[in-house]
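Asker: Sharing the feature lines straight out of TrEMBL:
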TRANSMEM  12-34  transmembrane segment
TRANSMEM  40-61  transmembrane segment
TRANSMEM  81-101  transmembrane segment
TRANSMEM  121-141  transmembrane segment
TRANSMEM  148-167  transmembrane segment
TRANSMEM  187-205  transmembrane segment
TRANSMEM  217-242  transmembrane segment
TRANSMEM  270-295  transmembrane segment
TRANSMEM  307-330  transmembrane segment
TRANSMEM  336-358  transmembrane segment
Amino acid sequence: MLDNGKITANQYKMLVLLFTIGSSILVAPAALVNDAKQDAWIATIFTVIISILLVLMYIKIHSIFPNMTLVEICELLLGKWIGKFAVALFLMYAFILSGALLREIGDFTTTQMMPDTPIDAIHIVFMGVVVMATLLGLEVIGRSSEIISLWLFILLAIYFIAILPQIKIGNLQPILGEGMKPILFGFYHFISLPYLELIVFLMIAPFVNHQKGAEKGFLVGVIIGGILLTFVVMFSILVLGVENTARQIYPSYALARKIEIGKFFQHVEVIMAGIWFLSIFYKLTISFYAFVLGLSQLFKIKDYRPITLPISMMLIVYAIVFHPNIVHFFEFLHNIWPLYSLTIGFLFPLILLGTALMKKRQHHVRGNR
């Protein structure tokens with residue numbers, strides 16, 4: 001392994017939580033409501049339940065190889081050449097995920113907050129902070145996540161409390177008005193963003209100093225993150241309604257703009273923007289860290305830090321070239337990303353787990369002869 005830093009199980013849990021909320025807190029409500037209408041909140045609950053099974057699969061893989069990253073596991077199970085090919089597919093996924101997150105940061109900032117600022121300038125500044133965090137190492141990232149998570153909970157509490165007076169329960173009716181099909185469509189898109197992306201945590205799991213605690217932290221982080229996202233989706237429907245939520249690019253941000261308590265408590269959208277910037281920073285940092293660490297392991301580079309800056313420059317270019325505008329980006333998220341995530345986040349680890357269990361069984365049979 002190329003990073004001597006260690007993180008605690010609680011820090012791992014907080015990183016999973018921040019990653020789960022990540023970009024989804026802004027973009028998930030609109031996508032879910034487009035698919036499942038007023039039953040979008042049911043789709044989120046269903047997705048969280050299924051995501052627990054997904055995380056249990058990741059945990060099982062890690063428990064078999066507790067001191068190895070996903071890259072090392074691939075090469076061990078699949079052999080040198082097939083393993084390297086599989087690693088390349090995973091690393092491409094981590095790179096594309098990082099590029100998509102960076103593009104999302106640029107789109108949100110230029111459309112909602114700083115319309116006169118060039119998007120590439122936003123990318124450069126934000127990526128500079130991510131590079132700094134990556135160079136400082138996983139231990140620093142983990143420690144800071146505990147502090148940031150506390151502020152995140154405080155901001156979310158203020159946000160939810162401020163929304164309460166405007167809710168309309170009737171917006172959730174009729175429940176299951178169009179059956180299960182829309183809910184399943186919502187599940188298909190929601191599980192790809194963010195739950196299937198959690199596979200990148202198999203790159204940092206070996207650095208947790210208490211492995212059993214890491215497994216519990218993984219589950220708890222996903223569940224808490226899922227509950228928070230469910231509340232965000234539900235409140236978006238309760239306040240904005242189905243049609244208005246579906247029309248918005250960032251419903252939770254639009255929702256915050258509606259909140260005013262007298263003349264002293266206004267511009268609550270700043271709170272939502274703060275929550276989102278904090279959570280997506282950690283999501284991008286973890287994805288980027290997983291990529292540079294994995295690339296270093298693939299090419300047997302002793303230290304990932306020298307390649308961090310060049311890779312970040314490539315990512316900035318990619319975010320602009322591959323996603324030329326916001327329409328193209330959201331079409332990519334809706335039409336391509338779910339199937340791509342299903343392949344890398346589910347089928348890929350399923351093959352690894354099946355191969356690991358098969359080899360373990362063969363070894364056990366040979367040992368009994």
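Including glycine, each Cβ sits where the backbone N, Cα and C put it.
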Asker: Before we move on, state whether the transmembrane segment (148-167) and the transmembrane segment (217-242) share at least 3 Cβ pairs under 8 Å, counting only pairs 6 or more apart in sequence.
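Answerer: They are in contact.
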Asker: Would you say the transmembrane segment (187-205) and the transmembrane segment (12-34) are touching, if the rule is that at least three C-beta pairs must lie under 8 angstroms and be 6 or more residues apart?
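Answerer: With 3 or more qualifying Cβ pairs, these stretches touch.
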Asker: Please identify the stretch among 40-61, 121-141, 270-295, 307-330, 336-358 with the greatest number of Cβ pairs below 8 Å relative to the transmembrane segment (217-242).
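Answerer: Counting Cβ pairs under 8 Å, the winner is 40-61.
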Asker: When you scan the chain for residues with a C-beta under 8 Å from the transmembrane segment (270-295), skipping those not six or more beyond its ends, what do you find?
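Answerer: Same-chain contacts beyond the flanks: 2-3, 15, 18-19, 21-23, 25-26, 69-71, 87, 90-91, 94-95, 97-98, 101-102, 104-105, 108, 112-113, 126, 129-130, 133-134, 138, 141, 145, 148, 151-152, 155-156, 158-159, 194, 197, 200-201, 203-204, 252-253, 255-256, 301, 304, 307-308, 311-312, 315.
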Asker: I'm a bit unsure how to read this: which one of 40-61, 81-101, 121-141, 187-205, 307-330 has the highest number of Cβ pairs shorter than 8 Å with the transmembrane segment (336-358)?
Answerer: 187-205
Asker: Where, among 40-61, 81-101, 121-141, 307-330, do we find the most CB pairs under 8 A to the transmembrane segment (187-205)?
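Answerer: If we count Cβ pairs closer than 8 Å to the transmembrane segment (187-205), 40-61 scores highest.
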Asker: In the same chain, which residue numbers or ranges, 6 or more beyond the ends of the transmembrane segment (121-141), come under 8 angstroms Cβ to Cβ?
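Answerer: Residues 3, 5-7, 15, 102-103, 105-106, 109-110, 114, 204, 207, 281-282, 284-286, 288-289, 292, 305, 308-309, 312, 315-316, 319-320 contact the transmembrane segment (121-141) from elsewhere in the chain.
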Asker: Sort out the residues at least 6 away from either end of the transmembrane segment (307-330), same chain, that have Cβ-Cβ distances under 8 Å to it, and list them.
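Answerer: Non-local partners: 95-96, 98-100, 102-104, 106-107, 111, 119-120, 123-124, 127-128, 130-131, 134-135, 249, 288, 291-292, 295-296, 301.
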